[in-house]
Amino acid sequence: MANGGSGGGSGGGGGGGGGGSTLRMSSNIHANLLSLDASSSSSSSSSSSSSSSSSSSVHEPKMDALIIPVTMEVPCDSRGQRMWWAFLASSMVTFFGGLFIILLWRTLKYLWTVCCHCGGKTKEAQKINNGSSQADGTLKPVDEKEEAVAAEVGWMTSVKDWAGVMISAQTLTGRVLVVLVFALSIGALVIYFIDSSNPIESCQNFYKDFTLQIDMAFNVFFLLYFGLRFIAANDKLWFWLEVNSVVDFFTVPPVFVSVYLNRSWLGLRFLRALRLIQFSEILQFLNILKTSNSIKLVNLLSIFISTWLTAAGFIHLVENSGDPWENFQNNQALTYWECVYLLMVTMSTVGYGDVYAKTTLGRLFMVFFILGGLAMFASYVPEIIELIGNRKKYGGSYSAVSGRKHIVVCGHITLESVSNFLKDFLHKDRDDVNVEIVFLHNISPNLELEALFKRHFTQVEFYQGSVLNPHDLARVKIESADACLILANKYCADPDAEDASNIMRVISIKNYHPKIRIITQMLQYHNKAHLLNIPSWNWKEGDDAICLAELKLGFIAQSCLAQGLSTMLANLFSMRSFIKIEEDTWQKYYLEGVSNEMYTEYLSSAFVGLSFPTVCELCFVKLKLLMIAIEYKSANRESRSRKRILINPGNHLKIQEGTLGFFIASDAKEVKRAFFYCKACHDDITDPKRIKKCGCKRPKMSIYKRMRRACCFDCGRSERDCSCMSGRVRGNVDTLERAFPLSSVSVNDCSTTFRAFEDEQPSTLSPKKKQRNGGMRNSPSSSPKLMRHDPLLIPGNDQIDNMDSNVKKYDSTGMFHWCAPKEIEKVILTRSEAAMTVLSGHVVVCIFGDVSSALIGLRNLVMPLRASNFHYHELKHIVFVGSIEYLKREWETLHNFPKVSILPGTPLSRADLRAVNINLCDMCVILSANQNNIDDTSLQDKECILASLNIKSMQFDDSIGVLQANSQGFTPPGMDRSSPDNSPVHGMLRQPSITTGVNIPIITELVNDTNVQFLDQDDDDDPDTELYLTQPFACGTAFAVSVLDSLMSATYFNDNILTLIRTLVTGGATPELEALIAEENALRGGYSTPQTLANRDRCRVAQLALLDGPFADLGDGGCYGDLFCKALKTYNMLCFGIYRLRDAHLSTPSQCTKRYVITNPPYEFELVPTDLIFCLMQFDHNAGQSRASLSHSSHSSQSSSKKSSSVHSIPSTANRQNRPKSRESRDKQNRKEMVYR
């Protein structure tokens, strides 16, 4: 037949044009199936018979023989018979043959082990006996066969280990090999997709078919990889039966058969789709998938798609081939992608019916596939959709914008905290804020917060994640961020836990990027010490911790010294929009002051060489700016901090080139006047709005000239005779222009004079000569040119003589009054003892708390009231009224402060309040440590509100008359009008007699801002009114911690603002002091030295009364600007606000004693006699001399008597007899000295 076929194919002889037995193909063959009539195989036929057989082959198919198309280029079976069984047989023989060999090997090994078990035991017994029979104790040599077996086992183990390393993903080589195998498997699957458009079986020439060559190369690699896997497998049987091995059995051998037979069969090559199941593993090797959700999603998708494609491949095979028992006659032509479509509509139970299986094998497969496919579709697809739907909406990465900075805000992210932060950060009064805010939080925002982000979408972005995760920090580009701000939950039930979480956030961020600037909120003061343990935490580089408890209690403490100051300071660092009111009401003047904020700007070179009071007056009068402090750059390289903030340093300090000033103004544009001011161009300008940048060149002095001028001014000699600098330095200076002193200062304000190059040449002036060259800076009659700023060099100052080296009066830094630790039992007063003490002019602290309450840190309240810039006799006695169990827990931080007493009881008891003479106190503070333990925000402040209303409803007798009648001439401080120390000039004018609790000065701490409406029953504040617009806050009788939120943005824009605020309210707390407290958790006493006593010389806040004294002439209709200039020139006192009666603008007299705050009034603002003026006063060294003996004796005996508080405030009889009795003599004396409250 082969010969006949050849002859017929060559076609020429004897037969006609077509050839008698020539194979003819029909033009409509789709599956390479051709049926031939039975008569066509006859050995004898004529041309006519061959013609009829050819015709019958088309119209009457009978499938007696199966053929495939044949071409002359491809040597193939001339009969065209299908060889699918050869391809399938190669795979089956490989699979079952290998399986048989493995099972046979295991069987033989098992039989060998069982049969040789007894023999092995016999040999072991013989070895033991032979070994024990040797008398010399030497070991027998190991058998050579055992050595060979051991060597063979070692070699096999090494090869197995090597193969295991090669196919594992633990090494780089293994990962590359695994990824390469997966990529080649996908490539083989793609070749299958291409070949699926061809017939199932066809003749192909290996040397001319490019796809077959590529497929052959892939399968050779798969074969080698299969060998590695087989060697590394521990259990060969399970390896032979696993999915990847089955895929190789049915895909690799058929390729070699196709090369041998020069024909191709699609067959089971679709099984390569099962390799997609490993897709998630490959992505994990490449470190692309990191989260559990992403891994699970990829797993589900890969299993679903691989099963889908594999089943479609099987349907494509059987439908295009037909059933074998039907001689493959019932086939249908379907493309692979039509089969994919068929499987999808089948799994989804839709079944349109346009495509369906016709073969029995296909239908049988569909029956079983529906069972599994439907279950997989019903379970996998919903889970996939859920995983995709649960994908983080805010899970992207931040893309930094060139030329635009960004900050990262994390921590407590809620609608309230974010809205407060954005309202202040993006306030219109700031310069153009070219900063993008990136919020990072692990919880997706709710609808309200999401709407807030959308309203600020141009400057705000939100990402879901945690700062504890380095991957999330990389997403928000923390390494390129300008700063990271951490918000705290002020209302949490456990403040220590909240601080711990924020500290962990700081550690995580600093561990990721140590150079990032961090500003974090802390709730408890003692937790700030933990930040110092972070190696990369550096406050000199801008890292700041805003302790809410420290600042809150510091603000309240300053209100005890100057009522209303807490409101004024809170408004200064908060950005408030100007609200204009036309009516002449107290709200009009209050809101004009509220629009002022704190700004910084570098001073113009026109101010260089001028004293601070001169520049301050010039700025206020001409530039309409209020400068309260400067940043001083010390020339002492050994100084711990070369840049220091000085608040109203006095006229001894001269402005340097490039000095940074702190201003109070309504917006940042106004402050630019201080930088643009030029004396030549702007001296005659009256409108400050016209002061803009001019074209004048501003000369710069060299550092040597500035230091030389400072020296000459400091020693008071001529420039050429100055001996404060060495000859080498003097040789560098040829010409001198004008005086320009640089004075070194204390940490908080002014201090000792500057000594240039002290190590090279010390000053030639002896202490006595220096003392003679000094002057009383605080005296109005002293000359400003001779003023020195060393308190020990002032004539008549007996501090050096009075320094007792054996007595510690101050802490080691000299910033606070200190006493030896006292036991709490020594300061506890009973109700009767407190009543007998006759307390007056003191501070009553009503505190709610118990043994389980969180500590609020009362040390931060006491420290500002014990600042060393007060003389000892000026310290107000502090009486705590509350639970003794709670106060015992706080006492460890309070036992080093003098003049502190405790009355166990409750602030709601009127008997306890009367015992401490609350009607005679200078301030009553109401605090609560239980505020955050209640879920209902409206009830969080219930204790404080009840205590405040309880005090206001109390009625008192004529206390002054009772005291005068029963104390044999004793008059409490502040009540004796004949005493210059107690005249109204020195402080707030007290009522001659308090008969109702409404007139008692009270400040109440609130947690919930809306609860402020319950404090004053006579106000008309709306519940929705912002806190700063309510009457209690404007009057300084209420304070909420929420006002401190503005410090976050204020500190970011200017880190000096936080230092200035802390300097004002803490009484002198410094980073060095915080490090000391972190070590010992208490203040440490120190001996008085010139250095520590110099730290006393710093400003403090006070209130001046205009009803009497040297400023009485300005109190009745005078201008505030005249008062400002007079106080600054005469006493170096810097005024910055007014505390005015609420109804002072009314023409009719009013009995209301409530006052409100006016911040930085303009020059022409009219004063009234009842006004109290906020001012920054210099430390008066002579104020305590008349009472030096009393103060020192009282200080030393403080710890020995619980009732000494009443003695401290009693002036001596001699002093009382020498007081002027007449009004004229009092006025005369008041013009010579200033006394403050």
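Counting starts with 1 at the first residue shown.
Glycine is treated like the rest: Cβ placed from N, Cα and C.
According to TrEMBL, the feature region 'Disordered' maps to 1-25 (among others).
Annotation source TrEMBL lists compositional bias 'Gly residues' at 1-21.
TrEMBL lists 38-60 (among others) with the feature region 'Disordered'.
The compositional bias 'Low complexity' annotation in TrEMBL covers 39-57 (among others).
Taken from TrEMBL, the feature transmembrane segment covers 83-105 (among others).
According to TrEMBL, the transmembrane segment annotation covers 176-194 (among others).
Within its own chain, the transmembrane segment (214-232) has Cβ neighbours under 8 Å at 159-160, 163-164, 166-167, 177, 181, 184-185, 187-188, 191, 206, 239, 244-245, 248, 251-252, 255-256, 259, counting only residues six or more beyond its boundaries. For 214-232 (among others), the entry in TrEMBL reads transmembrane segment.
Positions annotated as transmembrane segment by TrEMBL: 297-318 (among others).
According to TrEMBL, the transmembrane segment annotation covers 333-352 (among others).
According to TrEMBL, the transmembrane segment annotation covers 364-382 (among others). Tertiary proximity for the transmembrane segment (364-382) is limited to same-chain residues at least six positions away from its ends with a CB under 8 Å from its CB atoms, namely 300, 303-304, 307, 311, 314-315, 318, 343, 346-349, 357.
The domain 'RCK N-terminal' annotation in TrEMBL covers 404-546 (among others). In the domain 'RCK N-terminal' (404-546), helix, strand and coil residues by DSSP number 57 helix, 32 strand, 54 coil.
Annotation comment: TrEMBL describes 758-788 (among others) as region 'Disordered'.
Marked as domain 'RCK N-terminal' by TrEMBL: 840-984 (among others).
For 1187-1237 (among others), the entry in TrEMBL reads region 'Disordered'.
According to TrEMBL, the compositional bias 'Low complexity' annotation covers 1187-1212 (among others).
Annotation source TrEMBL lists compositional bias 'Basic and acidic residues' at 1221-1237.
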For the transmembrane segment (297-318), sequence-distant contacts whose Cβ falls under 8 Å of one of its Cβ atoms, 6 or more beyond its ends: 189, 192, 196, 200, 266-271, 273-280, 283, 289, 334-336, 339-340, 342-344, 347, 357, 359, 361-362, 365-366, 369, 373, 376-377, 380-381, 383-384, 387-388
Taken over the domain 'RCK N-terminal' (840-984), the model's mean pLDDT: 81
Long-range Cβ neighbours of the transmembrane segment (176-194) (under 8 Å; 6 or more residues past either end): 166-167, 169, 211, 214-215, 218-219, 221-222, 225, 251, 266, 269-270, 272-273, 275-276, 278-279, 281-282, 285-286, 309, 313, 336
Cβ contacts under 8 Å made by the transmembrane segment (83-105) with residues that lie 6+ beyond its boundaries: 77, 200-201, 236-237, 240-241, 246, 249-250, 253-254, 256-258, 261, 263, 265, 267-268, 321
